[in-house]
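Look at TrEMBL and you will find 29-47, 52-75, 95-116, 161-180, 249-266 tagged as transmembrane segment.
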Amino acid sequence: MLGLFDVEGHGAAHITDATQRATESTAHLSYFFTGLSLPFRAFALIVRTPKLFGLSVLCAFVTAAVLILSGAGAWLGGSWLGERLAPENPTLHTAASVTLAVVFALVFFVIFALTLPNLALAPLQDPISEATEAAVGQFTPEPFSFSGLVKGTVESLKHTLLRLGVMLLGVLVLLPLNLIPAVGSVAYLVLSSIWSMFWISVEHLSNPMARHLMPFSLVVKTLRRRSALAFGFGAAVYLLLWIPVLNFFLMPVAVVAGTLLYRRLLDEGAFTPT
């Protein structure tokens, strides 16, 4: 009889463990899709909030202008380099200079497109984040003060430098994978994309948390505990990054989405010391 009870007890324990694992898997999946939906919820909020819509349109025009100027600058720089690096042989010079100009222009344009719009739009990120919290409710922006501006700027700068440092370290660690023929390049593409997705979510949650003077370590710790949520959000923003025209609106959508994520985590008590 004792043996029978032992078997039944073990069976019940296995069923309980299996149920718990299934529940955890469902929760992770739910968190992933919640993160994935954040940019779309952000877009809906932007459309129905006049202030956010106006700021987003301004961002789109600034982004378009920066990209057009980036394209012009990239072509001028590429043409200048192509003309000087092409062989002097009259037969080859024209074709070689045009080919080199196109290659260098593409390289310059990618570098400019990934950096200059973010720099140009940086002053608009805090106003967009504040307007998002005001639209969500239960938030009143603090009156302007010089000391508050300095504290917020210093905290935001710390977040940015730490995030860029860690991201760069990850890229440097993964870069040697490209030395492995065929498989290495695929592995680098997959792993670097996953790495980027996580740090994209860190970047956009960092914005409202820096505004509220929360440390960068808390941003990372919060998302590490909710990795499915982080990867869902990061994946959505990462995919939008490569869609033409839509990426003009990427920054305001990502900032609003990051602020919505912050408010969700705040409501959950995620930032309460444990």
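Note: Cβ is positioned from N, Cα and C throughout, glycine not excepted.
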The transmembrane segment (249-266) touching the transmembrane segment (29-47) per 3+ Cβ pairs under 8 Å rule: yes
Spatial neighbours of the transmembrane segment (95-116) far in sequence, C-beta under 8 Å, 6+ residues away: 66-67, 70-71, 73-75, 77-79, 81-83, 85-87
